[in-house]
């Protein structure tokens, strides 16, 4: 076991050291300019980003993660009473639904302003 830890730490240190030595930092105007499919850039690369897209993406991730975590719950919990597993899953779903309804009522899902 100590040999394994020593070997692992050695590999980590070697890889970390090599990762600092290998890249050559050589910035020039070509490397720092934005690239648009071989054409000269038509506009600024720093366009404003709508917060609506960000909000929808966060909501999607939240509910996608909820489904990914709730689907295996009955098998993972292995509780003696399945009603307890259903109860806790229902509590989680109710909390997420209340958060979704709150977001909806606050106008976070309204696309046109």
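Just so it is clear, glycine is given a Cβ too, placed from its N, Cα and C backbone atoms.
Listed as Cβ neighbours of the signal peptide (1-16) (distance under 8 Å, sequence separation of 6 or more from its ends, same chain) is no residue at all: none. What TrEMBL records for 1-16 is signal peptide.
Taken from TrEMBL, the feature transmembrane segment applies to 51-71 (among others).
Among the features that TrEMBL reports, transmembrane segment is placed at 83-105 (among others).
For the transmembrane segment (51-71), the residues of the chain that approach it from at least six positions outside its boundaries are 89, 92-93, 96, 99-100, 103, 108-109, 111, judged by C-beta separation under 8 angstroms.
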